[in-house]
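Engineer: Structure in structure tokens, see below.
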Amino acid sequence: MTPEDQEETQPLLRPPGGSAPRGRRVFLAAFAAALGPLSFGFALGYSSPAIPSLRRAAPPAPHLDEDAASWFGAIVTLGAAAGGVLGGWLLDRAGRKLSLVLCALPFVAGFAVITAAQNLWMLLGGRLLTGLACGIASLVAPVYISEIAYPEVRGLLGSCVQLMVVTGILLAYLAGWVLEWRWLAVLGCVPPSFMLLLMCFMPETPRFLLSQHKHQEAMAAMQFLWGYAQGWEEPPLGAQHQDFHVAQLRRPGVYKPFIIGISLMAFQQLSGVNAVMFYAETIFEEAKFKDSSLASVVVGVIQVLFTATAALIMDRAGRRLLLTLSGVVMVFSTSAFGTYFKLTEGGPSNSSHVDLPALVSMEAADTNVGLAWLAVGSMCLFIAGFAVGWGPIPWLLMSEIFPLHVKGVATGVCVLTNWFMAFLVTKEFSSLMEVLRPYGAFWLASAFCIFGVLFTLACVPETKGKTLEQITAHFEGR
């Protein structure tokens with residue numbers, strides 16, 4: 001066995017006597033890091049209340065037309081894709097802690113530019129900056145938290161990444177009821193500012209420090225996080241932290257988690273989650289909710305409640321079980337969604353443009369209201385199922401399955417895949433509905449959910465209760 005193999009497969013962080021650490025400061029450090037995902041969620045949710053506010057804005061404030069509003073929402077995903085690449089580069093060179101500190105800067109700068117915006121280009125520039133920060137935070141925060149957490153709480157703390165994302169989205173929706181777009185952007189500066197402040201007092205992850213052979217700093221970090229540092233092993237002296245090389249993809253400990261990580265990110269976006277979110281307000285309108293903006297808040301509350309539930313049971317139920325159950329729920333709910341659109345579809349049209357409100361707004365009011373409640377139930381079931389499994393777990397597994405020496409590149413590729421697929425699905429879903437009709441598009445999403453369940457059962461290992469080094473050893477076949 002080579003020194004590199006020893007480093008990747010033996011526990012770097014082994015407590016004396018095999019006992020589990022019980023330090024409480026690890027929760028403080030995880031909270032500080034999770035303020036990045038909270039900022040990320042707020043940036044994602046910002047566009048929903050801000051776009052109507054900008055459309056109402058009187059000169060000289062910038063005004064959004066339909067095309068500009070589309071870009072105002074979508075440009076975040078492009079910035080985040082770039083942020084994923086940059087975050088992967090920073091992760092191994094600047095370290096986990098400094099990467100989180102640095103990602104706070106484009107968050108604050110982006111919201112500050114939006115606050116001061118006098119034209120469309122400033123708005124888009126600010127959104128691009130916040131998107132860049134979203135990409136970095138979505139990569140670095142899960143890795144930081146997974147590397148400071150001991151196995152007994154890694155699922156709980158790792159799931160808090162997605163919990164903070166959906167909490168940030170919900171906060172943006174709620175604040176949007178009382179704040180105009182400029183003040184909403186000011187509020188967006190608060191979470192990353194707190195993260196910047198708190199992370200200055202948090203340690204670098206012990207695993208990263210040990211991989212750099214900074215023994216004393218690693219011992220100090222362990223003492224801070226877990227309360228003691230005696231008896232923990234340093235990697236063999238011959239094991240040096242190495243950059244990623246393409247030849248390493250021949251190793252099963254590298255290519256297997258690569259395939260799993262990329263596939264999970266792709267299946268997450270192909271599940272139809274963005275389409276369901278996009279049409280939430282239309283569905284609530286058809287169910288006769290007078291204030292359709294209530295849809296956003298209801299969706300946000302469901303996400304928060306069920307993501308919190310997932311966090312609490314993650315280390316007992318396990319990743320595979322929750323992914324499988326989540327996928328099954330999503331299969332049935334997207335199938336029901338497609339059935340709703342099939343039953344409410346209007347007659348033949350000469351127009352090639354799919355106008356969803358027209359498709360679901362026919363004259364048979366009583367019948368349609370009943371069917372709309374079917375859609376509302378299906379939508380809520382889908383969101384609950386997604387929040388329990390396919391929402392948080394791909395991000396959690398991404399932070400667990402890669403060995404240290406490829407983690408920066410590998411997680412960067414996974415995040416890039418996720419954001420690129422999000423952009424592609426969001427932009428092309430309307431075109432897909434023109435070809436397949438809305439019911440066909442959602443039935444296709446249901447098929448992808450089935451493939452996701454089968455992939456989970458066939459390829460995804462259980463990681464609960466294992467050290468990160470034991471997970472790597474599993475992929476290496478040792």
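Glycine is treated like the rest: Cβ placed from N, Cα and C.
From Swiss-Prot, here are the annotated features:
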BINDING   Q162, Q268, Q269, N274, W395  D-glucose binding site
CARBOHYD  N350  N-linked glycosylation site
REGION    1-20  region 'Disordered'
TOPO_DOM  1-25  topological domain 'Cytoplasmic'
TOPO_DOM  47-70  topological domain 'Extracellular'
TOPO_DOM  92-97  topological domain 'Cytoplasmic'
TOPO_DOM  119-127  topological domain 'Extracellular'
TOPO_DOM  149-158  topological domain 'Cytoplasmic'
TOPO_DOM  204-257  topological domain 'Cytoplasmic'
TOPO_DOM  279-293  topological domain 'Extracellular'
TOPO_DOM  315-320  topological domain 'Cytoplasmic'
TOPO_DOM  342-368  topological domain 'Extracellular'
TOPO_DOM  390-405  topological domain 'Cytoplasmic'
TOPO_DOM  427-439  topological domain 'Extracellular'
TOPO_DOM  461-478  topological domain 'Cytoplasmic'
TRANSMEM  26-46  transmembrane segment
TRANSMEM  71-91  transmembrane segment
TRANSMEM  98-118  transmembrane segment
TRANSMEM  128-148  transmembrane segment
TRANSMEM  159-179  transmembrane segment
TRANSMEM  183-203  transmembrane segment
TRANSMEM  258-278  transmembrane segment
TRANSMEM  294-314  transmembrane segment
TRANSMEM  321-341  transmembrane segment
TRANSMEM  369-389  transmembrane segment
TRANSMEM  406-426  transmembrane segment
TRANSMEM  440-460  transmembrane segment
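Mind running through what each feature is packed against?
Structural biologist: DSSP assigns N274 (D-glucose binding site) to a helix in the three-state reduction. The 10 Å shell around the Cβ of N274 (D-glucose binding site) contains 18 further Cβ atoms across the protein chains shown.
Within its own chain, the topological domain 'Extracellular' (47-70) has Cβ neighbours under 8 Å at 76, 117-120, 122-123, 127, 172-173, 175-177, 179-181, 184-185, 293, 296, counting only residues six or more beyond its boundaries.
For the topological domain 'Cytoplasmic' (92-97), DSSP puts the residue distribution at 4 helix, 0 strand, 2 coil.
Counted with DSSP, the topological domain 'Extracellular' (119-127) comes out as 8 helix, 0 strand, 1 coil.
The list of residues near the topological domain 'Cytoplasmic' (149-158) in space but at least 6 beyond its ends in sequence, with Cβ under 8 angstroms from a Cβ of it, reads 13, 20-21, 26-27, 30, 142, 226, 311-312, 314-315, 319, 392, 395-396, 399-400, 464-467.
Averaged across the topological domain 'Extracellular' (279-293), pLDDT for the predicted model comes to 64.
Per DSSP, the topological domain 'Cytoplasmic' (315-320) is made up of 5 helix, 0 strand, 1 coil.
Within the chain carrying the topological domain 'Cytoplasmic' (390-405), a Cβ under 8 angstroms from the stretch's Cβ atoms is held by residues 4, 7-8, 138, 142-143, 145-147, 154-155, 158-159, 161-163, 166, 207-208, 211, 241-244, 248, 253-254, 257-258, 260-261, 264-265, 267-268, 271, 273, 303, 307, 310-311, 314, 319, 322-323, 326-327, 330, 411, 414-415, 418, 452, 460-461, 463, 468, 471-472, 475, all 6 or more beyond its ends.
Cβ atoms under 8 Å from those of the transmembrane segment (26-46) belong to residues 76, 100, 103-104, 107, 110-111, 127, 130-131, 133-134, 136-138, 140-141, 144-145, 148-150, 153, 157, 160-173, 176, 184-185, 187-188, 191-192, 194-195, 198-199, 201-203, 225-226, 300 of the same chain, restricted to positions at least 6 beyond its ends.
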Engineer: Express in Å, rounded to the nearest integer, the largest CA to CA distance found among the D-glucose-binding residues Q162, Q268, Q269, N274, W395 named in the record.
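Structural biologist: The span, Cα to Cα at its widest, is 17 Å.
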Engineer: Tell me whether the transmembrane segment (258-278) sits in contact with the transmembrane segment (159-179), defined here as at least 3 Cβ pairs under 8 Å among residues 6 or more apart in sequence.
Structural biologist: no
Engineer: Counting only residues 6+ away from its ends, which parts of the chain sit with a Cβ under 8 Å from the transmembrane segment (71-91)?
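Structural biologist: Answer is 43-44, 47, 50-51, 54, 64, 98-99, 102-103, 106, 123-124, 127-140, 143, 407-416, 418-420, 422-423, 426-427.
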Engineer: So, by DSSP, how many helix, strand and coil residues make up the topological domain 'Extracellular' (427-439)?
Structural biologist: 13 helix, 0 strand, 0 coil
Engineer: Across all protein chains in the structure, which of the binding-site residues Q162, Q268, Q269 has the highest Cβ count within 10 Å?
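Structural biologist: Comparing the binding-site residues Q162, Q268, Q269, the most crowded Cβ belongs to Q162.
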Engineer: Would you say the transmembrane segment (159-179) and the transmembrane segment (440-460) are touching, if the rule is that at least three C-beta pairs must lie under 8 angstroms and be 6 or more residues apart?
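Structural biologist: The transmembrane segment (159-179) and the transmembrane segment (440-460): touching, no.
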